[in-house]
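**Q** Sending over a structure as structure tokens; questions will come in a sec.
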Amino acid sequence: MADLRKIKIDDTIIEVDPNMTLIQACEMAGIEVPRFCYHERLSIAGNCRMCLVEVVGGPPKPAASCAMQVKDLRPGPEGAPSEIRTNSPMVKKAREGVMEFLLINHPLDCPICDQGGECDLQDQAMAYGVDFSRYREPKRATEDLNLGPLVETHMTRCISCTRCVRFTTEVAGITQMGQTGRGEDSEITSYLNQTLESNMQGNIIDLCPVGALVSKPYAFTARPWELTKTESIDVMDALGSSIRIDTKGREVMRILPRNHDGVNEEWISDKTRFVWDGLRRQRLDRPYIRENGRLRPASWPEALEAAARAMKGKKIAGLIGDLVPAEAAFSLKQLVEGLGGKVECRVDGARLPAGNRSAYVGTARIEDIDDAEMIQLIGTNPRDEAPVLNARIRKAWSKGAKVGLVGEPVDLTYDYAHVGTDRAALESLSSREISDETKARPSIVIVGQGAIARRDGEAVLAHAMKLAENSNSGLLILHTAAGRVGAMDVGAVTEGGLLAAIDGAEVVYNLGADEVDIDQGPFVIYQGSHGDRGAHRDIILPGACYTEESGLFVNTEGRPQLAMRANFAPGEGKENWAILRALSAELGATQPWDSLAGLRRKLVEAVPHLAQIDQVPQNEWQPLGRFDLGQASFRYAIRDFYLTNPIARSSPLMGELSAMAAARKAPAPLAAE
């Protein structure tokens, strides 16, 4: 960092990095400067002029604080600190003038605008504007854009801050939005009126400081002050993005991102943001028992008694799905293993070694990507498996990092060196001599689940670890299941994996593992939230989904985080841990807790690092032995980004987005001859 420099802001003297902009220095001093175009995670545009400040001793006009750096300030007389003023008469008059210009063409839509109540323009007009307008001419009107089923546009409200253009170009990595024209004819538009193709496009809704870009599914459904806001964690991928769930009564109305620099910064994927309509459809709201080949509704005592009767004295296997919190995984493990059964969470066949956290989690943090100069991807397509992580890799690439890929070539929104598609390319990488100069540069190896889900998965992982060790790189295992690391941590694994767990089982207790095909032989008890693939067996117990119960999730870097309950399960649905606790009592093996707090105490006793909420534990490096690689090419873990779990498959909007994505990938029809 450069030597700090003293500056005086109003009556406060602070020391700041001279490379900081004036608006950043003001924030450090605790002084709020209004802004519309400036955003700390986007490039500087300097086109709204709302952030004007007075530079004492500088030009006799206000300066844009977002575009001027501290090092450009002139020192005061006799070496005194440079001085800027944010509340002088000059600044006040300038802000009033800028606000008047911004409101010239802005319609009086506040009563019918979805941004009302959380609108930057409303707030800043009240704080810095005047209560009248001198403008008497007709206002400009523009046609709205069709950006697709997610973002609704009202372009007459647009103030041309260009945040949406900069986000789509710089963060999302698409070039479909831009600004055309000059002066009053300038407008934000999409290229050839195309709909947006990014799976992160919903973030422009949050970035828009006015009501020009709003959520199409949420439109006209609620006002901000009607909503109950709950801070929670996303489970649509294994990144564990920080989110806020807004509810009205029993319904989830929308999902928004929360800032977390170490995980998702302030972005979320479109699946995270818009999957909430799947929480309302195809829900299991009562227990069912199969009799004479047909499912019939049952009471809870009846269903639990039938489940206990089926399990007593039988060989049991427990399967743990992708969205199961650590508490429920721990509870099922205790229940099934107490009855002499086996439990398995690696239901996709991933060859993750039990007990070796450096191999099934890695040693790197997500934020290590920011400083990496070299990033090697092995068998992963992060654009589909973790879109927000992919945006972070793109940010590192834009700063000069080099990216390599072993796997099928795909569009990752940034350039990369394609090393190869098969195991031979990985073997060549892991056995290559690496110079000391290269080892000294920060680097990271990222391994996808598709790379380790085949028979030689452990060999792939061993070679990836060898590459990381040889190059002094951090290792990050990119999971696709939000509950996988937590279940691995509690030891919900069987030697030999899924096939070994269900081999010879007479009863299978399926806890939300809808993607597993179970033969017709064993008696199957399904516990889950949606009427998906798994809910067609012998006994069905309706559980809560991630917004309806508090739970502990461990993300792909090994960071324990708490998801909080925002609403209640429909009908007779119950929290997953509570169902297992009640079933244990019915089996005569009552689990030693009667509350979630009691369960967590036992969980932390067994796995102490789970008590370190929002901390990433250091994992001791334990290299794997030598394994022989196969010959196959790498296949990615996710084929359809929008339909990866029961909640997403129940969402009509996710189905529409999936169909649109498939249509874009389909070959164009040949021209008629």
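Every residue, even glycine, has its Cβ placed from backbone N, Cα and C.
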**Q** Let me know which member of CYS26, CYS66 Swiss-Prot also records as binding [2Fe-2S] cluster at the site of CYS37, CYS48, CYS51.
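**A** Record source Swiss-Prot; matching candidate: CYS66.
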**Q** Taking CYS119, CYS208 as the options, which does Swiss-Prot list with CYS158, CYS161, CYS164 at the [4Fe-4S] cluster 2 site?
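**A** Record check against Swiss-Prot: [4Fe-4S] cluster 2 site with CYS158, CYS161, CYS164, extra candidate from CYS119, CYS208 is CYS208.
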**Q** Taking Cα atoms as reference points, which of the binding-site residues CYS51, CYS66, CYS208 is nearest to CYS110 ([4Fe-4S] cluster 1 binding site)?
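**A** Its closest listed neighbour, by Cα, is CYS208.
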**Q** Please report how many Å separate the Cα atom of CYS119 ([4Fe-4S] cluster 1 binding site) from that of CYS208 ([4Fe-4S] cluster 2 binding site), as a whole number.
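**A** So the alpha carbons of CYS119 ([4Fe-4S] cluster 1 binding site) and CYS208 ([4Fe-4S] cluster 2 binding site) sit roughly 9 Å from each other.
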**Q** Which of CYS119, CYS158, CYS164 has the fewest nearby Cβ atoms, counting only those within 10 Å, among these binding-site residues?
**A** CYS119
**Q** The domain '4Fe-4S Mo/W bis-MGD-type' (227-283): mean pLDDT?
**A** 96
**Q** For CYS37 ([2Fe-2S] cluster binding site), identify the closest of the binding-site residues HIS106, CYS113, CYS158, CYS161, CYS164, judging by Cα separation.
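**A** Nearest candidate: CYS161.
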**Q** Within 10 Å of the Cβ of CYS110 ([4Fe-4S] cluster 1 binding site), how many other Cβ atoms can be counted across all chains shown?
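**A** The Cβ of CYS110 ([4Fe-4S] cluster 1 binding site) has 16 Cβ neighbours within 10 Å.
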